[in-house]
Amino acid sequence: MGHDQEEEETPPSTPTTTASAARKDQEEETWNQKQTLVLELSEKLITGDLQAKIEAARDIRKVVRKSSVKTRSKFAAAGVIQPLVFMLLSPNLDAREASLLALLNLAVRNERNKVNIVTAGAVPPLVELLKLQNSGLRELATAAILTLSAAAPNKPTIAASGAAPLLVQILSLGSVQGRVDAVTALHNLSTCKENSTPILNAKAVSPLINLLKECKKYSKFAEKATALLEILSKSEEGRVAICDSDGGILTLVETVEDGSLISTQHAVGALLSLCQSCREKYRELILKEGAIPGLLRLTVEGTSIAQERARTLLDLLRDSPQEKKLASSVLEKIVYDIATRVDGADKAAETAKRLLEDMVQRSMELSMNRIQHRAASCTPAKVPSA
């Protein structure tokens, strides 16, 4: 009887609850095994000889690549960051590569690890790796600096380290992935408010223009490249370099026409910097590349900043800006007066806006016709496929 009562009091198990409990037990067992592995690899890294350290670093990378943020934090708590940073200084290239890959994977998607890696002194040895002829290690170091520079607290340290000129070299010498990583790292560093001196110099202009030529103008990569070019356009050396680069101004004009909202804003900002610095020098160069249609469209379709920049640049590109600006306001008044007489005062603003938009559209069509006519008489250039 007692046995029967005991069975009645115990809720009957279903396949679902049994499977759920088994899964939970399995997850706990897996996590316990992983914790044991974290401690074993940490101990091997900290106390082992050089070969043991290299093996431990490689194993840490493998474990972390397939694990959660929690596992990355567990490895950091076990004390692996400092010995991995020390390995970056080893004369043994295998030790450097193994530690670099382990640190890179520990830093991904873990802000605290990023900061701790820089605090542990990783930046100076990473900068030394950027100087190596070994392209594999150099580009791994670029990827590491990109990852670490994504954390705001790290930016001042990396910006002051001398990494930027070496990243600029990779813009010309690196693989496609290396160049993408270098641009992104430089973009991260350019947003550091603590920079007392510019991180970029005019040597960056030519490779950035070449990369912008090759990429899709609406891509995220183009947004970062044009942001850097806009920064460079603020200095006289940068402006001269943009002008002297093969297709420099044309590439910015094409970005105004085909770019995303962000890249068009940066591209028109760079063109405006040129024209504001010396209208006599840059006005004809910008006009020659057929900038007007893209700028007109930007006054309607761009961000509020891009619209204002495009209007200002259009004023500078006119024959005599002040007179034309006055004529423009007079024209708007005449159109408004006509609209008032045709549709009455209550609808005048709407009608005037429509008439002015029609005039802008007609102006754009005439400009495009002139550009197409000029292009037909020139040898066609090779269109970038990237």
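Placed from the backbone N, Cα and C atoms, the Cβ positions cover glycine too.
Taken verbatim from TrEMBL:
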type	residues	note
COMPBIAS	1-10	compositional bias 'Acidic residues'
DOMAIN	182-328	domain 'U-box'
REGION	1-30	region 'Disordered'
REPEAT	79-121	repeat 'ARM'
REPEAT	121-163	repeat 'ARM'
REPEAT	162-204	repeat 'ARM'
REPEAT	203-247	repeat 'ARM'
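The average pLDDT the prediction assigns to the repeat 'ARM' (121-163) is 95. Counting residue by residue with DSSP, the domain 'U-box' (182-328) contains 114 helix, 0 strand, 33 coil. Look at the repeat 'ARM' (121-163): DSSP puts its residues at 32 helix, 0 strand, 11 coil.
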